[in-house]
């Protein structure tokens, strides 16, 4: 289509184009469209209100002259007034002029019983009038205000936003990024090289579709990005659009569904219609599970509008030509609840898994985020990556930002390794609360509790090494913590490793039993985690010798979320349920007895570590390494073998 020349363009369209700003030319320093709309609306209402006030004042002054009541009485006495109208609170009329029409005037009415007699004596014509108080309000305020709102709504629609009215609820609330507005490329995405490699083919198709079509190949219509929250699914989708240099249509799955029946389906049709007009382009639907949940998954209280919207999405994905250059990308962290029809070949026929990054991936992500940060010479990104297992891209970005804030709070010129350590502790354990007052008895209990965890971890062979022990309160409920860091990324755990982890979790409570002959509530979280491990060993992993290699649960867990998606479905007898309970109890009690025997034997080391904690409140680095070596040397000289592993 030929572009209109400047001469053919409507002046109103030119003006609105200036207000909107042409797509794609928003550079640094240029306000985004939403800011322009806000600024325009503020100035519009200020000027409109000033105009209304000015019109009332000016027009009132032009229509009549205000005079005092004494001057009015004098003019009545002189016979220089005519056509008086006496209202409830004022008197209006016309002054007689010798050389032209009379001037209108008004005055405040005063309670004057003699006025009517004087008017009759002077043969002045007068009448009474009852004024409606609402008429002036409507005429001078409500009507101008309604006109002002109408024009504002019209201008907002012309600027591409604002209230659209009932007739436009079916329009897709899509965020459109033009080619020049997307500055993110694959260089800004790190730690997920496998996923980037999967999507390079999509970029090549958008750049050169003929390369694939000449051999009869068909590019995937849809790409589903699956991964845990914060792994970079949205960032990766934008990077694909940035690499290909095509428009990017972004919309959340929850924005399709409304309370009005049919609105979601209309928005799906509108979204695909806009995308076809801007092809080649990318449609990105974030949180697809809000829209694409399997039909019939919740038959009681189901959502007909959501299912109707999903049906329309399925129809649209079937209806467009894959050669049109429109690629659909979506992201979810709950693929197991999506409708099977959405995942079949021909719709989302390519699934790209985005896992949590390994240590090399975390180091690469950190290098991306520290580009604008002044780092100290001793900062080791590889070491930071090693002490942040399980962190995803969003967590690492937050870590770098927190470290920079810690350094700024301490008035440093650069971010040091200590700042990164403090930031990691803050993210993992919560805000440090040195001012939380604990009495000496509580502090001693916490010290022995954490010393018990740390000492058991030092003595057992199948657990992660201890990195830091602290009795400084953090977060909402943590009065102390023992930090263990893995030496490498792990994807499997053996039975012996799980049993040793049980012993570490029980070390704090057993330490309290041995030293004080009593237990506290501080072990609540430890006991919960220990019970969960034992239950999983029996019911999910088949690690119970008594029950054998069987699984006794149908818990619909998400592979990308640390929670179950529903209640466990029980399909075993009461006798098996009793045996499961007995086996879970046995595993935990066996671990408890082993820890008790170990800490009784190493009570001297336990008391020494607790004493250090009471003095310094926190142990890490070289001092902790030295203590660990002393403990291991002591154990090497002791002929008694530390119990660990099989139960």
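Glycine is treated like the rest: Cβ placed from N, Cα and C.
As annotated by Swiss-Prot, ATP binding site applies to 227, 228, 229, 230, 231, 232, 233, 234. Swiss-Prot lists 449, 453, 526 with the feature Zn(2+) binding site, giving sequence analysis as the kind of evidence. Residues or ranges marked as region 'Disordered' by Swiss-Prot: 1-33. The feature transmembrane segment is assigned by Swiss-Prot to 40-60, 135-155, with sequence analysis given as support.
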- Task: Note the Cβ centroid of 449, 453, 526, the recorded Zn(2+) site, then list each other residue of that chain whose Cβ lies within 8 Å of it, in sequence.
- Result: 450, 452, 482, 505, 506, 507, 508, 509, 511, 522, 523
- Query: Looking only at DSSP and grouping its letters into three states, which state does residue 227 (ATP binding site) belong to?
  - Reply: strand
- Item | Cβ-Cβ neighbours of residue 228 (ATP binding site) (radius 10 Å) | 18
- Query: Per 10 Å Cβ neighbour count, which of the binding-site residues 227, 229, 230 ranks highest?
  - Reply: 227
- Message: Using the Cβ center of 227, 228, 229, 230, 231, 232, 233, 234 as the ATP site position, which other residues in that chain lie within 8 Å, going by their Cβ?
- Response: 225, 331, 333, 354, 392, 393, 394
- Query: Of all the binding-site residues given, namely 449, 453, 526, which is spatially nearest to residue 229 (ATP binding site) at the Cα level?
  - Reply: 526
- So what sits near residue 233 (ATP binding site) in its own chain, CB-to-CB under 8 Å and at least six residues off in sequence? 225, 227, 286, 331, 354
- What does DSSP call residue 234 (ATP binding site) in the simple three-state scheme? helix
- Message: Neighbour count first, Cβ atoms within 10 Å, every protein chain included; then name which of 231, 234 tops the list of binding-site residues.
- Response: 231
- Under DSSP, is residue 449 (Zn(2+) binding site) helix, strand or coil? helix
- Message: If I take the Cα of residue 234 (ATP binding site) as reference, which of the binding-site residues 449, 453, 526 has the closest Cα?
- Response: 526
